[in-house]
């Protein structure tokens, strides 16, 4: 006889395998997934491929497709600032004019993949390999190398090549072997390219930033036309729901319940034989005042709710040292929970012009400039200055926990020694706990005193030859170039230190790419999950979403997170199906025959031509300003 629980679902009915609208779910499932966003739906689809495995997804948001499907709605009729957006806000930021800044995240089946700007670009090989090298001695560390993640990202994708007209109009370069051809997620180049976009790569090449022959093959730097998560067969958004759930046939072993917010994990009263905590299931509700329900997890609870899981710290009974005295009990102490929130920043430079513009066209192209592009022969000196700042930056961390410091130092060293190609800074944040954290929105606090919002100490003096206006590789090298660059500018502004600082303070620097709050690091470095994505101190709780990255990649997070979720599904299925977890694999060559010649350094980055990851030091902001002012204008 079937045992069922009831929970009123307020979603508008729509087609989709396993989506529950009749308020009936079973009392127990093998896997209970908290969060129906990118990673949660990938896991649900892959785990339920095993017909003897039952899967439940609990998603706080509703089920909606009619506005998410239209790519243009990402900018012009967005789901942001609606009921389908969590509408997170920071606390007042002292170094940003004391403003409260928005931090939107998708509150809908499909998560932020249903509301974002559709960019699908990958990090560089050197960044991903730096991640796996932060996990010494862990058996599954190889699953997070570039070779493995590259194959997993391709597994998730179906790439459609552009027409000759689009390729020529945009001067598009790519290597077809770097792309997946049979995965659930569709992605392509735009179906129309405004003529000015075609000048993007050649213009940047003129100022010293060469085009990228293959930005998706492990060498993600330079100027390129970005791919988008669009299905070119009907020009609709391709996202986790439309890619991984809607095409499925009937799966009686899969249930997806919208409008169901997980409020806490239910723990067994006793530890397992290894002294680890065991999750019995989860509690959930339709809203803050709604009745609380529970469901049993026979095998595992998987947290896939994004980087905001620290708001559940009290409900999970995991204590962070930064918030003493707020918890009824401490089952296990993980000081790294919520301690390393990172995001990209962007600073715009606005100018008046007498020329005709295409100011309303945006989102077609982007550039990632590395240290050598920006600073030429001065790059090694910059690296030494960054390295010298490490001790001061680590000691300035809040909270002042030795394990958090150790983890931060490991990431800092990986960045300076192996990556060191600064796209922009990484504001380091903390998400403090508060009462009723299971349903309330936590405040966001910058905790690192030398973050990029501390503009005045970073800007330096205007006599410094390395200030933004005179970056060696970006400044014009002849009178004719200088005249050409100023053409159409109606008024020249000579900023001083104070004006530059005020300009940055008035920006909204957040790029809405949060990660790293549940970092995959050794436990002694304040890691929260191991290389198998299992929370330390537990036997059957995993975290699978962008919060597990220890390093903020120099890329939008969507592509690596699809790959990470595919890897996670393989690791979990391998455990229960009796086969070894996935090892590092040799990917299909990212060079060879292709539409265009691949980068000779493809997949083999080095310290002078690697990918771009923000750095924490007192010399970053002017580099970011230089980059944003002349190089990384999103058209």
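For all residues, glycine too, the Cβ spot is worked out from N, Cα and C.
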Quiz item: With the ranges 403-432, 433-462, 463-492 to choose from, which does TrEMBL describe as region 'Disordered'?
Solution: 463-492
Quiz item: Any idea what DSSP makes of residue 262 (FAD binding site), helix, strand or coil?
Solution: strand
Practice problem: For residue 556 (active site, proton acceptor), find which of the recorded positions 108, 262, 513 come within 10 Å, Cα to Cα. | Solution: 513
Practice problem: Sort residue 556 (active site, proton acceptor) into helix, strand or coil using the DSSP assignment. | Solution: coil
Practice problem: Measuring Cα to Cα, tell me the gap between residue 513 (active site, proton donor) and residue 108 (FAD binding site) in whole angstrom. | Solution: 17
Exercise. Kindly report the helix/strand/coil residue split of the domain 'Glucose-methanol-choline oxidoreductase C-terminal' (502-565) according to DSSP, in that order.
Key: 18 helix, 10 strand, 36 coil
Quiz item: Among the binding-site residues 108, 262, which residue has its Cβ surrounded by the fewest other Cβ atoms within 10 Å?
Solution: 262
Quiz item: If you count other Cβ atoms within 10 Å of each one's Cβ, which of the active-site residues 513, 556 has the most?
Solution: 556
Quiz item: Where does residue 108 (FAD binding site) sit in the DSSP three-state scheme?
Solution: strand
